[in-house]
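Notes follow once the structure below has been shown.
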Amino acid sequence: MGKPLFYEILEKPATSCVIGLCCAIWFFIQKKGIGYSHVGLSYDAAVEGHYWRIITSAFSHISILHLVFNMSALWSLGVVEQLGLMGLGVAYYLEYTLVLVILSGVLVLGIYHVLIHRFKFEHFRRVTAVGYSCVVFGWMTILAVKQPSSKLDLFGFLSLPISFAPFESLIFTSIIVPQASFLGHLSGIIVGYAVAWGVIHGMNSYWAVSMLGWVVVVFIYSLKRSGAYDLNFLEIESVTDPSLPSLRFVTTGNGRTLQMTALPVGGVELV
């Protein structure tokens, strides 16, 4: 018989907080009727200055099955918090979760840029990605290198050897869920190996807090600059960009009507 859930939560405080945050955001999204286009990350949105979507896309889920799958895998990967004697632990988990969120999102955009401008795959301009899978695949990879004897438990009954879990899960989700973002998951694996092999290293509390501070600054700045929300306390000089939707008043017989040109709608990918 396993430990009571309360004790497992105490042993995985950071994982529990992330799961709670993702569930709360999912509930808010459902209550407010928010869709992929409001919080997801796409190349066109990033080019237009919506850098804040790197954060919102990572913690947002639209489908309940998508949320359950990601959180189930993340709960199993929370064992990282219990491996302090191996140089991992809670602080390591928090510091490199921040790295995985940011770098996997940036890497996805970089891959899209190459596919669009080098290989002329224009479809990737408007592909919109949401979900925490980039981070989940990153932690799978790190644990596969650091603790290859571990197991990844999904839904309480499916157990995979962690050493093969990243690529098994990559293939499995691509087959079972056609909308799953292969590139998003692959980006998480790449960043995970970079962390596990020491290519990305040296994170500590000071650098993590500094990085988080810059993330908050860029998040707020891009949120205001993109016009997604009206942040009255922050004033930024507006710049006219012909690639952005235009807003204008049209005089009709009944008065003035507000019209806005819409952006083209693209595909959706789950990460």
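Backbone N, Cα and C atoms are what each Cβ position is placed from, and that goes for glycine too.
What TrEMBL lists as domain 'Peptidase S54 rhomboid' is 49-200.
Under the heading transmembrane segment, TrEMBL lists 12-29 (among others). If you look at the transmembrane segment (12-29), the same-chain residues 6 or more away from its ends with a CB under 8 A from one of its CBs are 39, 59-62, 64, 67, 70-71, 74-75, 77-79, 81-82, 90, 93-94, 97, 132.
Annotated transmembrane segment per TrEMBL: 50-73 (among others), in sequence order.
Sequence-distant contacts of the transmembrane segment (93-115) (same chain, at least 6 residues past either end, Cβ-Cβ under 8 Å): 14-15, 18, 41, 43, 46, 54-55, 57-58, 78, 80-81, 121, 124-125, 127, 129, 134-135, 138-139, 142, 181, 183-184, 187-188, 190-192, 194-195, 200, 203-205, 207-208, 211-212, 215, 271. The transmembrane segment feature in TrEMBL is assigned to 93-115 (among others).
Per TrEMBL, transmembrane segment is recorded for 127-145 (among others). Tertiary neighbourhood of the transmembrane segment (127-145): same-chain residues 18, 22, 36-37, 39-43, 45, 57-62, 66, 70-71, 73-74, 77, 79-80, 96-97, 100-101, 104-105, 108, 112, 152, 162-166, 169-170, 173, 180-181, 184-189, 191-193, 195-197, 266-271, selected by CB-CB distance under 8 Å and a gap of 6+ residues from either end.
According to TrEMBL, the transmembrane segment annotation covers 157-177 (among others). Proximity of distant same-chain residues to the transmembrane segment (157-177), defined by a Cβ-Cβ separation under 8 Å and at least 6 residues beyond the stretch ends, is recorded for 73, 133, 137, 140-141, 143-144, 147-151, 185-186, 189, 192, 270.
Here TrEMBL flags 182-200 (among others) as transmembrane segment.
The feature transmembrane segment is assigned by TrEMBL to 206-223 (among others).
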Same-chain residues at least 6 beyond the ends of the transmembrane segment (50-73) whose Cβ lies under 8 Å from its Cβ atoms: 19, 21-23, 25-26, 29, 34-36, 39-42, 101-102, 105-106, 109, 129-136, 140, 152-156, 169, 215, 218-220, 222-223, 226, 228, 270-271
